[in-house]
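Features as listed in Swiss-Prot:
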BINDING   GLY169, ASP170, ARG171, GLN172, THR173, GLY174, LYS175, THR176  ATP binding site
SITE      SER362  site 'Required for activity'
Amino acid sequence: MNLRPEEIGSIIKQQIENYQVQVEVSSVGTVIQVGDGIARVYGLEDCMASELLEFPGGVLGMALNLEEDNVGCVILGPYTHIKEGDTVKRTGRVVSVPVGEALIGRVVNPLGQPLDGKGPIVTDKFRPVERIAPGVITRKSVHEPLQTGIKAIDSMIPIGRGQRELIIGDRQTGKTAIAIDTIINQKNTDVICIYVAIGQKASTVAKVVQTLKDHGAMDYTIVVSATASDPAPLLYLAPYAGCAMGEEFMEQGKHVLVVYDDLSKQAAAYRELSLLLRRPPGREAYPGDVFYLHSRLLERAAKLSDEYGGGSLTALPIIETQAGDVSAYIPTNVISITDGQIYLESDLFYAGVRPAVNVGLSVSRVGGAAQIKAMKQVAGSLRLDLAQYRELAAFAQFGSDLDKATLARLTRGERLVELLKQDQYKPMPVEEQVMAIFAAVNGYLDDLPVEKVRPFEAEFLKFMRANYPQIGEEIRTKGVLTDELTSRLKSAIEEFKKTFA
């Protein structure tokens with residue numbers, strides 16, 4: 001082997017000429033204590049609140065407690081390999097998530113990393129998960145309807161775009177079912193949906209995703225999932241991440257629906273973090289700022305004014321109660337933050353009234369302005385009839401002789417309750433809801449046996465679609481029942497009743 005000194009010399013010269021001194025300065029600290037997903041780090045003097053910190057092995061943490069001599073940090077991933085004395089690096093950025101069209105149809109974790117095995121999410125746009133809610137000037141009052149496709153809700157507890165409507169009830173009362181039905185009903189509208197699953201079983205989330213796929217709803221939906229097996233910090237971050245993804249679309253002038261399922265588990269995760277970080281506990285051991293935890297999230301739902309693009313973000317937070325106790329700490333907090341609540345009762349659920357909406361306790365504080373006029377016309381008497389029915393039903397149990405007017409009200413009420421029942425995953429277009437409720441409140445169902453009410457409704461709507469499609473079309477486009485339209489609808493119902501046996 002021949003050594004050529006001149007060649008070696010030229011290579012060394014070249015290397016020296018190309019050599020660039022690169023000094024990378026990064027602020028580092030040392031782990032002084034770690035355990036239970038929490039690390040205390042010494043030496044990060046310039047650390048920001050909510051800043052991402054990098055632990056050995058690429059695991060990220062988030063600075064939550066900035067104390068005099070150390071930083072209390074929650075670890076967003078596996079922490080068993082982290083030990084005392086490890087070096088922690090500052091990243092200089094706060095927690096942010098990828099946003100944009102690339103996320104639609106995907107299942108991601110609260111950091112925006114894909115969970116569905118469909119490859120990486122290609123987007124160059126990121127948003128911080130926390131941000132200040134839109135101010136008074138940038139907002140507009142809620143005035144457009146967001147149809148859920150559920151008769152009991154669209155008629156009596158209407159939801160508008162930009163509203164925050166709480167869904168509250170015990171476990172197994174159909175809270176998630178209402179949210180999923182609402183998402184399915186946004187098909188063929190311009191609404192982008194985001195379903196945030198917080199602390200649920202992975203199998204439950206998989207089932208929800210499959211249901212959405214089966215109904216073609218994943219084409220306009222993003223699922224953000226922090227399952228029960230994920231670390232508490234991810235459960236805490238999930239709603240904010242979902243909201244940040246929605247805000248990107250809202251600021252482009254689009255309409256977004258975000259479901260937080262459920263915020264009770266987020267509050268429990270935050271309580272866990274706060275206690276581990278040694279923050280002082282308050283009522284029910286929740287930290288003092290648990291109200292702010294939910295208020296700063298739900299205040300980000302808004303209807304933007306036309307100068308800001310006119311987009312909207314509607315929030316449907318879900319809260320699980322224990323044995324119907326709506327006066328517990330978290331339920332009362334969220335009730336006071338939202339613009340109304342849909343209260344689901346287990347007694348109604350077990351009695352076969354599904355969706356199990358308690359119409360007396362449920363309310364929508366702003367949705368009335370968003371309801372279409374035709375629905376307002378038929379639903380006004382519906383609420384009254386049901387209220388009178390509930391009052392009289394209590395007396396009727398005593399079995400005393402009842403006069404004709406009372407009997408008529410009881411008869412009408414029974415049929416209205418029956419009409420408001422609805423199968424899961426079968427949301428109904430608003431014009432069909434109007435026609436069905438119109439028939440009920442005008443007494444066309446009073447002479448039918450209760451068990452015939454649902455078959456009557458199904459056959460009647462089929463008859464209307466086949467023979468009088470223009471009536472439904474007119475209700476949908478004009479949104480009002482004129483005298484002429486009312487008389488046409490009445491004659492159509494009478495014509496159908498003759499054929500219905």
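Think of each number as a place in line: the chain as shown, counted from 1.
Backbone N, Cα and C define each Cβ position, glycine as well.
Location within the structure of each feature annotated in Swiss-Prot.
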{"residue": "GLY169", "record": "ATP binding site", "Cβ within 10 Å": "27"}
{"residue": "ASP170", "record": "ATP binding site", "Cβ within 10 Å": "18"}
{"residue": "ARG171", "record": "ATP binding site", "Cβ within 10 Å": "10"}
{"residue": "GLN172", "record": "ATP binding site", "Cβ within 10 Å": "13"}
{"residue": "THR173", "record": "ATP binding site", "Cβ within 10 Å": "26"}
{"residue": "GLY174", "record": "ATP binding site", "Cβ within 10 Å": "20"}
{"residue": "LYS175", "record": "ATP binding site", "Cβ within 10 Å": "26"}
{"residue": "THR176", "record": "ATP binding site", "Cβ within 10 Å": "21"}
{"residue": "SER362", "record": "site 'Required for activity'", "Cβ within 10 Å": "21"}
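Apart from the site residues GLY169, ASP170, ARG171, GLN172, THR173, GLY174, LYS175, THR176, the chain places the Cβ of GLU320, LEU344, SER346, PHE349, ALA356 no farther than 8 Å from the centroid of the site's Cβ atoms, the recorded ATP location. Calculated from their C-alpha atoms, the gap between THR173 (ATP binding site) and SER362 (site 'Required for activity') amounts to 15 Å. The two recorded residues ARG171 (ATP binding site) and SER362 (site 'Required for activity') have their Cα atoms spaced 17 Å from each other. Of the recorded residues, GLY174 (ATP binding site) and SER362 (site 'Required for activity') place their C-alpha atoms 15 Å from one another. The secondary structure of THR176 (ATP binding site), as reduced to three states from DSSP, is helical.
The CA atom of SER362 (site 'Required for activity') is located 17 Å away from the CA atom of THR176 (ATP binding site).
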